[in-house]
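As given in TrEMBL:
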- 20-37: transmembrane segment (TRANSMEM)
- 102-120: transmembrane segment (TRANSMEM)
- 132-151: transmembrane segment (TRANSMEM)
- 171-190: transmembrane segment (TRANSMEM)
- 255-276: transmembrane segment (TRANSMEM)
- 317-338: transmembrane segment (TRANSMEM)
- 383-405: transmembrane segment (TRANSMEM)
- 417-440: transmembrane segment (TRANSMEM)
- 475-502: transmembrane segment (TRANSMEM)
Amino acid sequence: MVTRQLNVTCDSSVDREVFLHYSLIPSLFIILVLSFLQRREHCRQRNDTFYLLGDRFGIIVPLDFVGTFSNRWSYGVAFGATANKVMFLFSEGYQPLEVPQWAQAFVLLIGGMEVGLSYFPFFACLSSDFRLVSSILGFSYSLFWFVVTILQISQCPHGQYLGRFETLVFYWPSLLCLGFLLGRFLYMFVKALPIRLVLEPQTKEKSLLEAHQAEHVKRLLSKPRLQEREKSWFQTRVYEWDPCFQFPSRMIGTLVLASICLYLFIVFEFCVFLLVKDKLDVFEDRLQSYLTHMNETETLTPVILQVQELISVTKGVWVVAILPASLTCVSYLFHILACYRKHMKRLWAGDKHFLPQKFHRPSSAASVVAIARYSGWQIAYILWGYLIIHVVQSLCGVMLMYSLVLPILHHQGLEMLRGLAVGVLTLSIVVGLMILQVWIAGSFFLQPKLGTADTQKPLALNNRRAFHNFNYFLFFYNVLLGLGACLSRLLISCLLGTWLIARIDRTIMQSGYEGADMGFNAWVGMLFVDHYHTNPVLVSFCHILVTSHRDRKLQKTLKYCYLNQSAGPRFSARARTRWLLLQTLINNPRLAMLRKSKSGHGSQEFAQILPTCSDC
C-alpha cells in the first residue's frame, strides 16, 4: 500500500478535461482550413445566402465508413489514439454539464460530440485530398497531443492503485498511436512535397474499383482449378488469407480500438481488484485478531475460518481467471473478422440461409443506422462480455477449488473421489438409459431399410403392440428424467449465453426471438449496407458504366475540338465552352443578333466578324 501511494497528491499542470475543451480551438481551425480548400460540387444559386462563398467551404468527410480500403491501419491507429477518452465516456466519468438524472443521456451525447470534434482533425487530415496542407496540419495537431500526453506522464507518473508508472501503463497505447500518426503525416509530407514542386508527376485519380474487387471478379469469370494446392494446418484450422478480399477501414478501426479499450478495461479492473483486496485484507486481519482474542474457543470459529478460506480462494481464482477471460475476448475480436468475411462472401453469392428468415430483408433505415451503431456497440459488447466471462469463469474456478482441490488439501481426497465416482456413475447410468432407449427403438420398432444404400431405417413403425407397452412403462420414468433435462437446458443456456455475450455476430436468443437481440440487428444491418455498396460485381458494373460514359464524352469533346485523341484534353472547361460557342455562332450567324451582351454594340460587332470567319 505504501508503494501504491507514491504520488496521490500529485498536481499536474495540464488538466485533462480543461485541455479537452481548449483542444477544440485548433480543431475548429483545422476543420475551417480544410473546408476552405474543399470545393463543393454543386454551387449555389444567386438568390442563395451562401452564393458569396462560391464553391469553397465544402463538407469535410473524416472517414468513409462504407467503402474505404486505403490507409486502413492509419485510420485504425487514429481510432486507437481516442481509446482513453472512449473509456472515459464508457465509465460515464466525463460530464461537462451538471444536469438532473433524467437528462444524463443528453449530457453523454454532448460529451461524445465534443470528444469526436476534438479528434476530428486526425481523420480529416488523413482523408483530405490536399496532401501537403493536411500533412502539415495533421503533424502539428498530433505533435500538440503528443507533447501534452508526455507532460501528463512525466509530471505524475505514479498513482495510488498500481504504484510506480501507473500513468504510463494507462497512456502508453495512446502515446504509441500518436507517435505512429506523427510518422504517417511526416511520410505524407515527404510524398506530397515533390508533387507540389512539380518534381514528380501527380498521382492518378482514385478509381471507383479497388484492385482486390477487380481480382475477385476475375476469379469469378475464370475457370475453376481442377486441383487446388494443399493447404497448411494454419490455413485449414485457423485462418486463410484471401488476396481478393479486404476488410474496410471501419472493421480495422474497430479491431484496434476494441483491443486497446479491452487492455485499459483489464487494467482498470485490476486496479479495482487491488482496492477491494486491501479492504478484504483489513477484514481478514480483524477476523484473525478476533479469533486470537477469543483464543479460538468461540462457536463462530469454524464459520470465520470458512469465510477466510473463501476470501483467499476467491482472490486467487479471480487473478488466475484474468488470463483465460482476456484471451477469450481477444480471440473473439479476430473471430468476428473471420465471420465478417465469411458472411460477406455468402451474401455476394446470394446465400442468405445463414440468417434467420425475418432478417432476409431488413429495414433500409435500420441498416443505415446500424453502420453508425456497430463499431461502438461492438466495443461495448467486448468490454461487458469480458467482465461477464471473467465473473462466470471465477465462479467455475471457485466450484472447482471446493470440489477437487480443497478436499485434497484438507486430507479428504478419498471422500472426494468416492463422491466423484458416485456422481459420474449416476450420470453414466442416466445417459446410458437414454442411449439404450434410442437403440431399442431403432432395433425393434422400425421397419427394415428399403435399400442397401440407405443410411438409416425409414420412419415406419414396426411391432406396434410392443411399442405401445414400451411407451407406457417408460412414461413415468421420463417424467423424472425430464426434470434433469430441463435443468441441464437451463444450465447450458446460461453458460452459452454468458460465453457468447461478446459475440455480436451471433444471436443468443431462441429461434423466433432474434429480433430482440439489438446487437445482432446491428450486425445484420451493417452486413447488408456493405453488401449493397461494396459488392465487387456491382462496383465493377458501375465502374464500367462510369468509364464508358467518360470515354464517350471525351471522344465527343475531341471531335468538336479537332484534337488528337492520343494527346488528351489539355484545356479548361471555360475555354472548351467558348470554342463550342464560337463554332455554333459561325455555323448559325443569325444567333449572334439574339445573344445578350454586356455592351450594346458588342453583338453587332461580333456579327460583322462572323462572315469573315465563315470564309476562313
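Every residue, even glycine, has its Cβ placed from backbone N, Cα and C.
Sequence-distant contacts of the transmembrane segment (20-37), counting only residues of its own chain at least 6 positions beyond either end whose CB sits under 8 Å from a CB of the stretch, comprise 56-60, 85, 96, 114-115, 117-118, 120-121, 124-125, 128, 130, 133-134, 137, 141, 144-145. Taking Cβ pairs closer than 8 Å, the transmembrane segment (255-276) reaches residues 4, 73, 76-77, 79-80, 82-84, 86-87, 90-91, 161-162, 169-170, 173-174, 177, 318-319, 322, 326, 329-330, 333-334, 337, 375, 378-379, 382-383, 386-387, 390 in its own chain, all 6 or more past its ends. Residues 12-14, 19, 23, 26-27, 30, 33-34, 37, 81, 121-122, 124-126, 171, 174-175, 178-179, 181-182, 185-186, 188-189, 192-193, 195-196 of the same chain lie 6+ residues outside the transmembrane segment (132-151) yet bring a C-beta within less than 8 angstroms of a C-beta in it. Two recorded stretches are said to be in contact when at least 3 C-beta pairs lie under 8 angstroms, sequence spacing 6 or more; the transmembrane segment (383-405) and the transmembrane segment (171-190) fall short of this definition. Among the listed stretches 171-190, 417-440, 475-502, the one sharing the most Cβ pairs under 8 Å with the transmembrane segment (317-338) is 475-502. Counting residues 6+ beyond its ends, the transmembrane segment (171-190) has Cβ neighbours under 8 Å at 74, 77-78, 80-84, 122, 125-126, 131-132, 134-136, 138-139, 142-143, 145-146, 149-150, 152-153, 260, 263-264 in the same chain.
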